[in-house]
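A.B. asks: Straight out of TrEMBL:
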- 12-469: domain 'Nitrogenase/oxidoreductase component 1' (DOMAIN)
- Asp36: [4Fe-4S] cluster binding site (BINDING)
- Asp337: active site, proton donor (ACT_SITE)
- Gly472, Met473: substrate binding site (BINDING)
Amino acid sequence: MKLAYWMYAGPAHMGTLRVASSFKNVHAIMHAPLGDDYFNVMRSMLERERDFTPVTTSIVDRHVLAQGSQEKVVENITRKDKEENPDLILLTPTCTSSILQEDLQNFVNRASLESNCDVILADVNHYRVNELQAADRTLEQIVRFYIERENKKKMEHQSIDMEQIIEKTEKPSVNILGIFTLGFHNQHDCRELKRLLADLNIDINLVIPEGSSVHELKNLTKAWFNIVPYREVGLMTANFLEKEHQMPFISITPMGIQQTSQFIFQIQQILENLISSNFKNKFENKQNLSETSSSKKNQKDFKFIYEDYLNKNFYKSYVQKQTQFISQAAWFSRSIDCQNLTGKKTVVFGDATHAAAMTKILTTEMGLQVVCAGTYCKHDADWFREQVLGYCDQVLITDDHTKVSDMITRLEPAAIFGTQMERHIGKRLEIPCGVISAPVHIQNFPLSYRPFLGYEGTNQIADLVYNSFTLGMEDHLLEIFNGHDTKQINSSLNENTNTSSDNKLQWSDEALKQLSGIPGFVRGKVKRNIENFALENNHSIITMEIMLAAKESVNA
């Protein structure tokens, strides 16, 4: 727990509330003091949904501190149970209220006796995990609770093994795990994944937690396999389902042409393995029936039903068609517009999923140089380093925005691809930035369709990359032709754009006039180079002579 100007990942209770408010008819009770209850406002502003955020704060005030919290918490839970009639109430403390060291599980046990709905205490250590880790853990906890309860009911009524209880859909189907509120373009990505899976003739069993009911969670095991689009949320649930119910999962993020192709071919491999295993269990292991005419007919029907799923040419032709005709990114990367960007230096920073995928896209698909790739997901540092190995010059693992700012200032990239904070940093340094990861502001919760996954997502990413580089030239043209964005150049030139140090350099009027004639999209970089030259040579005033000397030193 720390006081910070900026946090890439918020406190643990934010992740728990994001998962709870994503489910249908689930209400969250937050045991917290005033000041920790900003989630409702933030979600209402960013998601712009029609419904109210289903979160209630059980306020910790001086009366609670004097008398204890139990009565107030239990009263709030039972009151919301009567008013809202939810399927589940999830109680979560915050970092602040956790200091009280109260037995919240006892509160939950008592409230459960007086409530019609299920009541669960979020099993999260608020001092050790961040928002994303807590969201991952909370989703797994809720899924485990309902699946294990359902299995226990079946075991009590039927004296059979668990393997006999598990039923699968006749047609191949999947669960999509980890789509939830306040995610980076999650709704658009989910829609694109559904389209892609429909093209492959695969049904969607459940999407969790967004828009699903907790009573539907017992049907998760009916799917053939699971998809985890983002490592940050859903991976723990996928591991639980694989371990306890033998459900394979795909954790490749279909972002970019190459990773989308890998994603599709892994689907093919999983279906091939599952269908072959199912065939053996149904027919080859039943030796007594294998020679009968009815058994042979059943085998023939089985092969006919799943013939398309075993056709490798189907997947190859689908990938080829989508790459050539649906995704415009493949031909665009070979066009003269994109080739003009070849070799330009970029910096990538964000969550592990998006930063790793974007690094690969920029390097292998667009021919750019990633001088540094980084993530604020320190808990996933090993995976991230493994993924970006060979795709970037250096790696930065930190959740300190000042270190990211210093790195960008030092490397002076032509463009940045990061979060809302990197956008702010780029604004100060006059470096264009494309936002590719949370945390983000309202402009990255668009009402229009803008996925980052799948083949339509490749078009969105190509636009983002190209527009990020060309924006600087647009500003320069506006200055030349006295456009509506013209600004007072001289006043801004006197402001120090170096975020790492606070130098006392002054510019002469003649030097400022010369600097103002440099195109805006490179002016900041030129200014920093001249100032660095002046500092290295102990000059306090930058004149025309020093500017020329700095230019000659660069050309030398």
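Glycine too: its Cβ is placed from the backbone N, Cα and C atoms.
Automatic prediction, not curation, is the source of TrEMBL annotations.
For each listed feature, how buried is it and what is near it?
C.D. replies: Its own atom aside, the Cβ of Asp36 ([4Fe-4S] cluster binding site) has 20 Cβ atoms within 10 angstroms in the protein chains shown.
Within the same chain, residues at least 6 positions away in sequence whose Cβ sits under 8 Å from that of Asp337 (active site, proton donor) are Tyr466.
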A.B. asks: Averaged over the domain 'Nitrogenase/oxidoreductase component 1' (12-469), what pLDDT does the predicted model reach?
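C.D. replies: Mean pLDDT, the domain 'Nitrogenase/oxidoreductase component 1' (12-469): 89.
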